[in-house]
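Everything below concerns the one structure shown next.
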């Protein structure tokens with residue numbers, strides 16, 4: 001077991017100081033946390049600097065913090081912001097590491113078994129390992145996660161107990177170290193040296209930790225004693241410095257020792273026999289044969305390799321858990337006294353609630369037809385009440401908190417005043433009759449000023465028809481539908497900001513997480529059609545898209561004013577009055593937010609100049625030139641990966657592989 005350093009403190013670095021409502025919000029949140037309050041809500045209007053307030057709170061209470069967002073894009077944005085605020089602390093990123101994921105499933109109607117198929121993003125896997133190792137080594141850690149953090153991850157105790165701890169002067173033979181590395185799922189590869197692998201050259205062992213991407217460690221032996229440990233550049237072997245202590249964390253999160261493995265295997269065998277007997281009694285001979293064949297193969301792999309594909313389905317036995325007991329998750333890697341912050345909580349808490357049921361219905365089918373043992377049902381996400389049991393202290397962050405959050409606490413801390421002095425937009429209702437011509441006129445007014453427009457519709461058909469109509473009228477417009485991938489979506493936002501087009505139309509894509517200061521008009525069609533997209537919270541979120549421009553204006557097209565519309569307009573007007581009073585008192589003139597476009601697209605740079613320049617004929621380069629080219633590209637790849645631009649990083653990697661192949 002390793003000792004966690006608990007003396008580190010968070011150090012917030014920012015050229016800004018709290019302003020507007022921020023000082024009061026920060027003070028209240030910190031006082032409540034230090035006073036032991038379990039739950040509170042930060043109700044912050046769009047553009048009031050909620051992330052900065054969160055950072056100030058984290059720095060002042062000085063607790064390890066888990067920040068949960070409801071999708072990878074928002075998690076990536078938050079990760080980048082927290083990295084800037086806390087450059088000297090451990091800011092980690094923990095999301096699903098699948099680029100592509102087809103879960104294992106069975107469709108009885110067509111007798112179709114769909115095998116699990118996935119593509120793992122190596123960079124995100126590295127970041128996940130970095131998160132868990134940081135949590136066990138230090139206390140000044142912020143982990144920004146998606147709801148993947150409530151999925152099973154393996155026992156933190158087994159993970160920590162499996163750490164290989166090395167120091168200069170330690171008595172351990174080279175071969176014993178190699179055995180220890182294999183036990184924690186490292187692979188020996190003397191040629192292709194990358195994460196999770198080690199290589200051996202005489203009395204020198206080089207290890208590439210699973211949580212690193214360009215630095216490895218060289219362990220030099222003198223007999224059966226470690227002579228010294230050095231940190232090196234994995235590519236060039238250049239020595240970066242001496243190391244007094246090296247903790248090598250397992251290459252997988254699903255760890256168990258030999259004794260526990262044998263216990264687990266005996267339990268798996270017993271469960272298999274019970275399931276076979278049950279199937280045979282029910283006359284399900286095919287299912288009985290199937291579960292025996294599949295399980296015996298997995299047991300053989302576990303005995304020989306300590307691992308098998310789908311090992312997570314046996315995690316209940318390997319962790320020593322009882323039936324129905326919740327799995328270990330990222331939350332178990334945190335110390336007991338940690339802080340949780342839920343970003344856009346009105347969305348995120350709904351996701352946390354829904355994960356369990358969807359997972360269980362799919363797995364029950366696999367169990368009923370002999371593809372998995374019943375214990376596979378315990379490889380699952382947490383139920384919401386199980387998530388709640390992990391909560392020591394929590395802050396829900398949203399402009400529109402949901403009913404669930406409001407039931408958890410009466411402590412609501414408002415943040416309405418923007419540091420920029422910007423007001424919530426004016427909102428007006430216009431009749432739907434003649435809305436197309438009216439909207440066209442409003443768009444043209446904005447376009448003449450170099451401003452942009454968001455339009456939100458209720459149906460795909462309406463969005464497509466409106467897009468076609470505006471194009472015919474000479475408007476530069478795009479429709480962003482739900483099939484568009486995250487990377488493309490961010491590029492569309494970038495093009496809107498650059499003025500490649502002036503109008504963006506969407507359905508449920510113009511609410512949380514899209515902040516474009518150039519947008520001065522938001523048009524809401526069918527505003528009086530009550531429902532998920534036109535309830536009070538949905539309308540307030542959509543109105544907020546115009547709150548980053550000093551000319552922000554919202555038009556609701558409707559034939560009547562619904563209760564949701566009225567409440568959304570009343571709340572917006574209330575905030576606007578408070579903001580105007582504050583500005584008048586302090587002599588503030590609202591200014592449109594000046595936001596560099598590269599900040600919005602940091603995780604997806606799409607400029608052609610950012611692509612690696614591919615040399616047409618690498619064979620014409622000398623070996624020394626090729627090595628220099630590889631080193632330069634490695635640096636570019638590293639920078640792209642740190643910005644979470646995995647598409648660009650993969651392109652650079654392909655160029656590097658092509659260069660290496662020449663040798």
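The backbone N, Cα and C atoms fix where each Cβ goes, and this holds for glycine too.
If you look up Swiss-Prot, you'll see 44, 45, 46, 47, 48, 49, 50, 51 marked as ATP binding site. According to DSSP, residue 51 (ATP binding site) sits within a helical segment.
Marked as domain 'Helicase ATP-binding' by Swiss-Prot on the basis of sequence analysis: 31-418.
Taking the domain 'Helicase C-terminal' (435-601) as a whole, pLDDT averages 88 in the prediction. Among the features that Swiss-Prot reports, domain 'Helicase C-terminal' is placed at 435-601.
Sequence annotations record features per position, and here Swiss-Prot assigns domain 'UVR' to 627-662.
The annotation motif 'Beta-hairpin' is assigned in Swiss-Prot to 97-120.
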Practice task
Among the binding-site residues 45, 49, 51, point out the residue whose Cβ has the most other Cβ atoms within 10 Å, with all shown protein chains included in the count.
Solution key: 45
Problem - C-beta crowding around residue 47 (ATP binding site), within 10 angstroms - result: 20
Fill in the blank from the handout: Counting Cβ atoms within 10 Å of each Cβ, the densest environment among the binding-site residues 44, 46, 48, 50 belongs to 48
